[in-house]
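Just below is one structure, and these are the notes that go with it.
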């Protein structure tokens, strides 16, 4: 699932920046400042301060569902009423009883059970004698007059529920028809724990089963679910209704089940590997689904090739939902989107909107393998699910649309933002232990997504693409249609690469924060000696505690001989080390972290920073590295006492680029304002200039 966590700069921020900049800034500069921050309308922005200062609620006691009865297949039939906003449901689930019991505990929320019974294989039906709802834990206990014996059986439940207006579970989505009439669609959003609002179920990601879904719906409505339609027939009790039956799903978790009933147009194509792809849009807007269709048909073959595992369903639908709380949701075979995350007006949409749609489509389709085919065992591992998709969406878009230069945008959006948030004392580790499902929403944040994506990107670079792909393939094949933990992925990557993946990644996922890497150099003949050390980076100033944490830091180095090629890789697994670069002439510069891949700040010695200036001046340093350099420089302005020294260092870099007088005015103005706004106000301008 993709949440809109402020991955775009807000227009109000740009307005504040441009209105308070000195009058000497030209109108063309201000226009460019505004242009680089254009975003799709209706994007939700969550401020860093708000995200990181909320007091976590007290943890509630929680016990997962008992394992004495588990589902094998759900036979589910739902009949929604789009006028009264209710639905009727019939569940006939094939279950396995692992030990004798006289009760079945399931998840259930906002649903009223009418009748329930159990039919053991080859036996007589046993009617439930009571339904005990535990509303706080969203559970129901079905009691039976005699013990259900070990073996297979069928659990039958009749129930009713509400098509709610909460944008979760099975809910109603309001839209305006082409004639101006207010109408409603019935749609679903089940992640993390809302399938239980549509039907009684074992609503935990590790309790997988297959699903046979039937929907009784108005005959003039489009009806979709995870799988393809295998039967459509008139409903005998009402000539205005039809019963639509879908093919059996693969083994999957309940949170990935989906169904949609409404009025939609669509555009259709096939991927090169024969998968039917459709993009569903509001009526009259089919043209706006063509770009997403192009992205999806390019993306499916890319992932099939990258993972070396075919897409396991016969079709995939992407649909724009009028009322949708998240950015998008990766339901297997039926991906739901906010309209602004899927639709592109070919005449009026800007380039940034196209890039945003491409990234969101790439994110959700990655989940079809990483998340759907192999699913996290529990919500503790959600960060891996989302962090991985938030990284590989950029890899996919870079492959499909290399003209976007999308990795530079990753650094300016996800990577930089994650560094800023994770430097705060109120940050948290990437991997957070989740108990009660109510805690899940607390970890759907930028640390899980953006820092998660950044450390996966660093891991991919450290492992190497070939070994990373081998490890991913082994992981997907070993755990397909099953559940896995973070450690299972590390084991597969470790076996593929021979590197200490688990030890390295634990230092990044189980503790908050990141290091600042201090670097100095010495020239000895034709060798460059680099002295490297690490300590914790804090936004409030240097970490002075005795219990300073440390990381296993993959360090890469390039030189001016080939700025795009890594000359040396080392693993900094101690507080400091010394490395030697052979064959580096005195007039060559050395850059740490080429490509700005490592998740850390860098503080160069003055002489080393001075040697980098020619790379800034002649633009031989890549844009992403120039951006990383300025980010690191600005981040070091912790205290007023440090400002003059750092100001001098920044001025030396400014002097290496054109129009230094103009940027000097911006710097002087920024240094005159409060420290908390300095970095933000300068960063936008600096990024504009370095990208120009």
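Cβ atoms here come from the backbone N, Cα and C positions, even for glycine.
Taken from TrEMBL as is:
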type     : residues      : note
ACT_SITE : 364           : active site, proton acceptor
BINDING  : 363, 367, 386 : Zn(2+) binding site
DOMAIN   : 71-256        : domain 'Aminopeptidase N-like N-terminal'
SITE     : 449           : site 'Transition state stabilizer'
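Features per TrEMBL, on structure.
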{"residue": "363", "record": "Zn(2+) binding site", "Cβ contacts under 8 Å, 6 or more apart": "2, 328, 330, 389, 390, 393"}
{"residue": "364", "record": "active site, proton acceptor", "Cβ contacts under 8 Å, 6 or more apart": "2, 318, 328, 329, 330, 335, 337, 389"}
{"residue": "367", "record": "Zn(2+) binding site", "Cβ contacts under 8 Å, 6 or more apart": "330, 385, 389"}
{"residue": "386", "record": "Zn(2+) binding site", "Cβ contacts under 8 Å, 6 or more apart": "1, 444, 448, 449, 452"}
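Taking the Cβ of residue 449 (site 'Transition state stabilizer') as centre and 10 Å as the limit, one finds 28 other Cβ atoms among all the protein chains shown.
Summarising model confidence by region, the domain 'Aminopeptidase N-like N-terminal' (71-256) averages a pLDDT of 95. The Cβ centroid of 363, 367, 386 marks the Zn(2+) site; residues of that chain outside this set whose Cβ lies within 8 Å of it are 1, 2, 330, 364, 366, 370, 371, 385, 388, 389, 390, 393, given in sequence order.
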